[in-house]
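Residues or ranges marked as transmembrane segment by TrEMBL: 20-42, 54-75, 81-101, 122-151, 171-192, 204-222, 257-275.
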Amino acid sequence: MSSAPLFTTICWNLRTSLRWHSLAGVFVLFGFIGWRSAIQVVERLSSSQGAMTVNLWDAFFVSFSGPGVWGYSLLQALPWLISHILFFYLFGDIAIGELLYRGYAVVPLVGSRLRWWFGKAVALWIFAIGYVLVIVFAVLAGGSIVLPWSWQPSKLMISGDMWVMPMGMEIGALLGWIFILFSSTLYALASMQLTLSLISRRSFYGFSAISVVTIISWLLGIDNPYLSRWLPGSQSMLLRHTFFDPNVPGFSMEWSLIYNITLFLIVFGVGTWYVRRMDIYGPAT
């Protein structure tokens, strides 16, 4: 039997794993989060001292800033936590079910176990990018209902009233780093979920484990500025980076990107080793 080209394998993975109705639900949910963040910004503006201006990017940053090292607020952490857990639920199970129940047919069609595994890794990477784009546009759409559009940071954003925003920070740079850190963190953690699901042969175990890791990373990082940068998942918490909180030492955004790449390479290597030795012809028990 001839094997399918890798590009065809990736396209097939995208078609069989993508659920459009789920993405529509994600857009609605994060549109609401963006709207709620805009309301929060307006409430803060009404209680602030002096003349302040706000725009859409205030709501955007509230939605994506994540929990800070010194913050105990569940409400502040909730948008960040929801974005991660939801991605794990929607896309973290694109491998184990297929390999256990149809592996005997799918792997010969694809050509090899490694080709199948590489296809899943690339598909997950595309899903991470697409997912972050969806939630970014959703938050902007929801926030634009309340706040005006501008390509410049507002006075509230750079005032330090809600957070420490470095002087000279451009909106394009902020948007770029949010996209890079969110997509790379989701990809690294979901790759860990894929590998754990394969090893345990249960998608629920992988989802539960990576969800617990994410929650523990958030909780352990509270009041622990030296530990925070080593915790998987903290890399997408903007307010825990030195750039936004000078009291957190050595936690640069470049560090986070390198951390995510290293984590992915480790779990992908473990997954590759396991897939080559996994029994795909025995009973799925």
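Glycine is treated like the rest: Cβ placed from N, Cα and C.
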Recorded stretches the transmembrane segment (171-192) and the transmembrane segment (54-75) touching, at least 3 CB pairs under 8 Å: yes
Seg_contact(the transmembrane segment (54-75), the transmembrane segment (20-42)) with at least 3 CB pairs under 8 angstroms, min sep 6: yes
The transmembrane segment (20-42) in contact with the transmembrane segment (257-275), cutoff 8 A, at least 3 CB pairs, sep 6+: no
Stretch of maximal Cβ-Cβ contact with the transmembrane segment (204-222) [cut-off: under 8 Å; candidates 81-101, 122-151, 257-275]: 81-101
